[in-house]
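Here's what TrEMBL has on this protein:
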type     : residues      : note
SIGNAL   : 1-20          : signal peptide
DOMAIN   : 9-173         : domain 'Thioredoxin'
DISULFID : Cys50-Cys53   : disulfide bond
DOMAIN   : 335-466       : domain 'Thioredoxin'
DISULFID : Cys385-Cys388 : disulfide bond
REGION   : 472-507       : region 'Disordered'
COMPBIAS : 498-507       : compositional bias 'Basic and acidic residues'
Amino acid sequence: MRNFGSFALGLLGAAAVAAASDVHELDTETFKPFMQENDLVLAEFFAPWCGHCKALAPEYEEAATTLKEKNIPLIKVDCTAQGSLCQEYGVEGYPTLKVFRGLDNISPYAGMRKAPAIVSYMTKQSLPDVSIVDSNTLEGFKSADKVVMVAYFGADDTASNETYTAVAKELRDDYLFGATNDAALAEAEGISQPGLALYKQFDDGKDVFSGEFTEENIKAFAKVASVPLVGEVGPETYAGYMAAGIPLAYIFAETPEERQTLAAELKPLAVKHKGALNFATIDAKAFGQHGNNLNLEVGKWPAFAIQETVKNQKFPFDQSKTLTAEGVGAFVDDFVAGKLEPSIKSEPIPETQEGPVTVVVAHTYNDIVLDDDKDVMIEYYAPWCGHCKALAPKYEELASIYSSNPSLAAKVVVAKVDATANDVPEEISGFPTIKLFPAGAKSSPVDFIGARTVEELANFIRDNGSHRVDGVAARAEAEAEAADGEQMPEQAAAASEVPKEGEKDEL
Ligand SMILES: *[C@@H]1O[C@H](CO)[C@@H](O)[C@H](O)[C@H]1NC(C)=O
Ligand SMILES: *[C@@H]1O[C@H](CO)[C@@H](O)[C@H](O)[C@H]1NC(C)=O
């Protein structure tokens, strides 16, 4: 339980970079002896040419300087010079970070690649699952990390002790856990045993747990209490917000001052809806394009939108209105009450279908694609995608096999949708994506991953569709009929170009 004060100071002084490196560079000779001599080590396996390694270097140096005081060394190994060593430890990419507790207990480093995150992570690794605190150490412990938890229970309360220890073992990488059985301390903190408080370096600084002392309840409490009332969406926090399981309310603004002002203005809403909705600002200058995904008009800042993260529905706030606690508050209330319709981006419904390929937009998606009577093949494309353009003539040829014959057209539809201009319910990760929604089985679409030729596509519809329509045979028949009476029967169209399997344009 030493050094909590200096840990906090270390964070504050972290910007000062030491002149000499505090990172030990090890090689095949020195690596194993070093690991045997030190109880806890963070190791980086790198290559000099690797860009992510270069980005990590100053952060790693800074963390090494801070952690030196706590006797937690940071080391690095150049894998271009020490190939066998890196191979021995299963290094497959650069940089690879591993936590060594001697040579037999090695685990991957699972934190962010930023100095404060490395310091925080390794500090937690250096402590037991639960640190025992007392009246002398409690204050220091409260500020030892951004978020810490302290449990208060009686010395003879083994059930609470076990419950808490189980949570700590599971979440020790995320939070710092302390405990005390000092009843006077509990009273001074306003907690009745068994109880728990979460201390944080933001918002009100402290949340007290209430409820039955169970693992489930403690974990649910920690998840909510550890998130800032109004946080910030960025590359480091985005995944966490998406995984939180509750909707996220975005406050888009261009300058830090404006974000601060709006955060203060809307904070009462965050307090009111705590646990039901996360609130966060987002830098509209750097990440404004993300507004597109929320059906906001990019460039019209500041703006507000709610994303339902589980169903991926978007609820943009009217961008012609100013963002006030009152106006946004009413909007959020309606959202929580289930009174808002999600916004659906859609092109206008085409008045007529011009070509053989049926054009689908968001507003006609259900009617056409989910038509239970038909096997529907649909291409999700982007206007800029080269592979989509290459596919277009073949896709038209495919579509015309069915559209030119009324009895086939009643069973098979070949369609396309511009997935950049229309919200579609499917998760699309590349263009083009082609799926078949079989008649009578609309909830189980089949992904087309074959070569993009007319024949392969038609056979896919035959083999995976409910109506088993054989497009290739139908085309041959139609051609034979057309040739009847003509002098020279035309040869079937020559084989078309075969793109590489699974070839896709990246999003
Ligand atoms: C919880 O139990 C462990 C193991 O018996 C013990 O060492 C620890 O002191 C207990 N914690 C508290 C706060 O009493
Ligand atoms: C779907 O079509 C492909 C290509 O014709 C075929 O290989 C595959 O077996 C079909 N899948 C099913 C479930 O019939």
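Glycine is no exception: its Cβ is also placed from the backbone N, Cα and C atoms.
Where TrEMBL records a feature, it is marked here on the structure.
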{"residue": "Cys50", "record": "disulfide bond", "Cβ within 10 Å": "15"}
{"residue": "Cys53", "record": "disulfide bond", "Cβ within 10 Å": "21"}
{"residue": "Cys385", "record": "disulfide bond", "Cβ within 10 Å": "20"}
{"residue": "Cys388", "record": "disulfide bond", "Cβ within 10 Å": "21"}
Quiz prompt | Integer Cα-Cα distance in angstrom, Cys385 (disulfide bond) to Cys53 (disulfide bond) | solution = 33
Practice problem: Mind tallying the domain 'Thioredoxin' (335-466) by DSSP state, helix then strand then coil? | Solution: 43 helix, 27 strand, 62 coil
Quiz item: What is the interatomic distance between the Cα atoms of Cys53 (disulfide bond) and Cys388 (disulfide bond), given in whole Å?
Solution: 36
Self-check item: Overall pLDDT of the domain 'Thioredoxin' (335-466), taken as the mean
Solution: 95
Practice problem: Taking only the Cα atoms, work out how far Cys50 (disulfide bond) lies from Cys388 (disulfide bond), in Å, as a whole number. | Solution: 34
